[in-house]
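K.L.:
Below is one structure. I have some questions about it.
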Amino acid sequence: MAEQWDLDEECLRRLGALTLEQPELVESLSLQGSYAGKIHSIGDAFRNFKSLRSLDLSRNLITSLKGIQYLCSLQELNLYYNNIPSLVEVSRLQPLPFLKELDLRLNPVVRKDTDYRLFAVYTLQTLEKLDDRAVRDSERRAAKLHFSQLGNSENFLLEVEKSSREKTMKNCVTDEGPASHVSPEVDARMETDANKGLFIPFPNREIKDSLTSICAAQGSGTPAQKLDVFPLGTQMQEATRRETSDLHQEDELRLYPPPQSTVRSPEKMTRDGYRVSFLDTKSSGSSPEKDLIPKPDAYPCTHDASLGKRLDVGDSNQILPCQLPSEVCLDHYGNQYSQTLCLHGSLVKRAQKGKNYREHSIKPSQDKKATTSHPCGDLLTSLSNPDSSTGRLLRLSSDLYATTHFNSDPALLANVEQQLSSLRDFTPAPGSFPSSPALGNSLRTLLLPPGTPENREIPTKRSLSPSRRGFKRKDGILANPSLKRGFQDATGSEAQPLSSDLGSLHGLSGNHSPPISARTPHVATVLRQLLELVDKHWNGSGSLLLDKKFLGPARDLLLSLVVPAPSQQWRRSKLDDKAGKALCWRETELKEAGLLVPNDVESLKQKLVKVLEENLVLSEKIQQLEGTAATSIVSGHPSHTHDELLRKNQQLTIQVACLTQELTQLKRLEETVALLHESQRSLVVTNEYLLQQLHKEQKGYSGKSLLPPEKSHPLGRSSPFGKSTLSSSSPMVHDTGQYLIQSVSEADPEPSLWS
């Protein structure tokens with residue numbers, strides 16, 4: 001096992017090989033741990049290293065950073081794979097004024113504390129890079145939002161860590177006990193923190209009372225009801241977030257979810273991060289998150305109060321400057337939104353506060369003029385002249401709108417019916433009544449009997465999107481002949497701009513929504529893009545709250561669900577419909593002006609048919625050209641031919657190189673064959689000479705057979721190779737000669753090699 005060292009200056013010099021250098025001149029130092037030993041504590045070893053800028057203490061067992069404050073010039077600190085236990089040790093780096101890079105990966109503090117990165121960014125203001133990742137401005141803002149009111153004492157940091165551990169443990173365990181146990185636990189924990197002298201960043205003391213009352217109210221419910229207990233640290237963070245969001249209401253970016261979707265704000269900091277859920281059904285009931293939220297300024301969630309807090313999705317570039325209260329369920333807004341009139345974002349103002357909405361929801365029948373305080377009524381009144389009949393009818397339309405959209409009393413309904421009865425006998429003068437789709441829809445709603453099929457379709461139309469609802473209202477008005485005769489607009493200069501303005505306000509300028517079958521893949525694409533956006537910009541808990549690079553694209557994606565982009569085929573058909581409608585509109589204008597003859601109408605219709613036919617022919621030609629271009633690309637392209645030539649050139653070059661190598665090998669083989677020829681010739685000559693010598697010895701042996709044996713061994717003669725040749729009387733000489741002849745015959749190469 002590796003040794004553990006308590007670092008001092010002598011050990012530091014030995015490990016860093018600083019035998020002769022002065023400590024004041026050292027600027028970079030690497031003290032990585034190894035199998036031989038690891039540093040356990042640093043102590044006062046760096047007291048004299050005033051100029052040290054880069055320090056590497058990775059792969060050690062350091063548990064305390066006490067003594068790091070002496071490195072006043074330190075810019076880079078690597079504590080990778082150590083044993084830093086808590087945020088208290090991280091706060092010891094605060095006296096380093098020039099620290100820019102810090103690496104604390106694989107330390108226990110990173111694993112245990114969920115808010116470690118935000119705390120490090122908030123504590124070390126000069127930090128530019130943390131854990132090999134750049135520190136973003138959004139992280140600095142989120143850290144400031146979370147820790148702006150926290151103290152710097154070690155006791156408080158320890159308490160924060162304790163609450164973080166409690167939160168981690170209680171997220172894994174579901175408390176099934178009675179809800180009445182919550183209030184004493186929260187109260188006791190708060191009293192304990194107050195006795196320790198800790199600063200609790202609650203905006204006021206009433207939050208504790210509200211928490212107690214909420215817990216008591218929930219305790220009187222059914223015994224089988226389950227309640228999640230949240231630790232004190234989470235409540236403190238929530239209170240801090242609520243107070244700072246109220247103070248910086250105009251500076252911080254607000255979240256405006258579209259209808260039919262619910263964006264749950266991160267009231268509770270869990271390890272899962274933030275959740276974004278899209279709900280197509282109604283409200284899913286209360287959750288423990290909303291049960292523990294303090295409600296000092298709760299708005300009454302009535303049918304009328306929600307009308308002033310709708311979201312305008314007519315223009316994705318403009319958002320209403322009003323903030324939704326976090327207590328009101330956003331599904332309620334999504335359901336009520338379909339019953340309201342979609343106005344342009346630049347014309348809807350914050351004319352009333354929450355008090356006015358509450359008074360309006362409680363007393364709708366005290367004053368009949370109270371309904372004109374709605375933004376629709378203000379808009380219609382401002383666009384009309386109060387002295388003319390047009391202004392009177394517009395005011396009447398606002399009353400009708402309020403009547404059809406509010407739960408009014410019978411007296412107000414009777415008054416409206418009386419005004420409508422007088423309106424049936426009224427013959428409109430030229431230019432006195434604009435053809436407003438909203439007016440026609442409101443009047444059609446009251447004029448039709450309750451049993452008619454068109455009146456039965458109104459609840460189903462309310463569930464549609466605003467753009468589809470607006471178009472169906474317009475088509476219904478144009479399709480109803482009685483209303484068209486009763487409210488047809490005559491020639492006039494004021495009627496056309498006013499009706500066009502109202503049409504643009506209600507999104508009636510051609511913004512049809514595509515069919516549901518075309519919208520389904522669009523929703524899946526938007527969800528996938530939103531998840532990719534979250535993965536790209538998420539840097540820990542609370543990092544997406546103030547990240548404008550994330551909030552802008554996310555808002556556009558969510559708004560595209562309400563007003564999706566139409567398909568190409570659908571857009572082409574709508575363009576044709578728009579051209580036909582424009583021609584019909586021009587035709588009606590010319591008819592009213594008396595400048596158009598019926599023959600001209602027929603000729604214009606024929607021209608329109610010709611134009612449409614030419615459009616079809618041109619589209620077919622475009623498709624044919626695209627097909628020919630595709631086939632030409634598949635058949636061959638000059639760039640492809642060039643590539644093939646290059647490839648062939650490379651192949652030929654490789655073949656030339658191979659042939660050159662083969663030629664070199666052949667030359668070497670020829671040289672080897674020539675050498676073999678010379679060797680063979682010399683061997684043949686030697687063999688012939690030896691055969692001659694053997695024949696001579698055999699002849700001499702036959703003449704000397706009578707000599708004694710000891711004298712029958714004459715001295716050998718010298719051979720032409722400088723070797724003595726033994727007499728033929730020895731049998732070994734004969735055997736040796738035979739072996740030599742045999743070996744030469746075996747060494748003789750094949751005839752094919754000499755050819």
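Each Cβ is built from the backbone N, Cα and C atoms, and glycine gets one as well.
From a predicted model like this one, the values you see are computed outputs, not experimental measurements.
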K.L.:
With Swiss-Prot as the source, which of 261-315, 701-755 is set down as region 'Disordered'?
P.N.:
701-755
K.L.:
Where DSSP helix means H, G or I and strand means E or B, what are the helix, strand and coil counts for the domain 'LRRCT' (107-146)?
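P.N.:
DSSP classes over the domain 'LRRCT' (107-146) add up to 23 helix, 4 strand, 13 coil.
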K.L.:
Compute the average pLDDT of the predicted model within the repeat 'LRR 1' (51-72).
P.N.:
95
